[in-house]
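Shown next, in structure tokens, is the structure this report addresses.
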Amino acid sequence: MTKLSVNINKIATLRNSRGGDNPNVVKVAIDCERFGAEGITVHPRPDERHIRYQDVYDLKEIVTTEFNIEGNPSERKFVELVLANKPTQVTLVPDALGAITSNAGWDTITHKSLLIDLISEFKEAGIRTSIFVDPDLKMVEGAKETGTDRIELYTEPYAEGYTKNRESAIKDFVLAAGRANELGLGLNAGHDLSLENLRYFQQNIPNLLEVSIGHALICDSIYLGLENTIQLYLRETKAKI
Ligand SMILES: CC(=O)[C@@H](O)[C@H](O)COP(=O)(O)O
Ligand SMILES: NCC(=O)COP(=O)(O)O
């Protein structure tokens, strides 16, 4: 069964735009869970342009489903933040400083020893680990060698290709997921998943454990309302073929 983790970065973006506390990210997280979200995801970035480090401490107090913290561990500050809060899962993302959003997965071969060290540190603290990777067999195999529990497939290329030719857009993801399954790696996915492209992805990727969705879901909620939107996304993640 694929779990839906709602990424609330964009709620923090809206809050920060006026310097006050409206909307309140803690209240929104509580409401997302009340409306059926099976996890809450945040991606604190070093410039704190949306989620602030303090938000992570505040959210840790109230999240009752799966708490997933994403980020780049190159800064020790991020590692300490995760260890202090002990979320259900940490997702390591190699996002460059100044990038508008995450735009690539790890090179799990070049960064193998860094990832091995970090993953064992998080696992010793009892935190499930996931690493963000492109749908590339070599990177999936490299991920296995790091000792990570899961990988998160970076789905932006799928989302972009879906509108042109969905069969070809999903091809590499099916292969990568198949290899992850063979290797015993848990499988998550995220980035630019939406009401339009989610069902096809979920139905073609076996053993998809979690999707984390923020941008499209929050955009949809402007028109459809947050409760209704979460229900619509849950319907896609649970749809049978
Ligand atoms: C790893 C990933 O794909 C998401 O966390 C995405 O990067 C969202 O981050 P932003 O909200 O900063 O774009
Ligand atoms: N890990 C992906 C995520 O949390 C949300 O990405 P997006 O839906 O905001 O593109």
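Each residue, glycine too, has its Cβ placed from N, Cα and C.
All TrEMBL annotations are machine predictions without curation.
Proximity of H43 (active site, proton acceptor) to non-local residues of its own chain (separation of 6 or more, Cβ distance below 8 Å) is seen for N7, N9, H50, I51, I69, E70, G71, V93, S102, given in sequence order. TrEMBL lists H43 (among others) with the feature active site, proton acceptor.
According to DSSP, E70 (active site, proton acceptor) sits within a strand segment. As annotated by TrEMBL, active site, proton acceptor applies to E70 (among others).
Annotation comment: TrEMBL describes H191 as active site, proton donor. Within the same chain, the residues at least 6 positions away from H191 (active site, proton donor) whose Cβ sits under 8 Å from its Cβ are T101, S102, Y154, T155, E156, A159, listed in sequence order.
Under the DSSP three-state reduction, N7 (3-amino-2-oxopropyl phosphate binding site) is assigned to strand. Annotated 3-amino-2-oxopropyl phosphate binding site per TrEMBL: N7, R18, D192, G214, H215, in sequence order.
Positions annotated as 1-deoxy-D-xylulose 5-phosphate binding site by TrEMBL: R45, H50, T101. Under the DSSP three-state reduction, R45 (1-deoxy-D-xylulose 5-phosphate binding site) is assigned to coil, being neither helix nor strand.
What TrEMBL records for E152 is site 'Transition state stabilizer'. Taking the Cβ of E152 (site 'Transition state stabilizer') as reference, residues of its chain lying under 8 Å away and at least six apart in sequence are, in sequence order, T91, S130, I131, F132, V133, N188, A189, G190, S212. Secondary structure from DSSP puts E152 (site 'Transition state stabilizer') in a beta strand.
Listed in chain order, the residues near the 1-deoxy-D-xylulose 5-phosphate site other than R45, H50, T101 are N9, T13, H43, R49, I51, D95, I100, each with its Cβ within 8 Å of the site Cβ centroid. Comparing the binding-site residues N7, T101 by how many other C-beta atoms lie within 10 angstroms of each C-beta, the top residue is N7. In this structure, N7, H191, D192, H215 are the recorded positions from N7, R18, T101, H191, D192, H215 whose C-beta falls under 6 Å of some atom of ligand 2.
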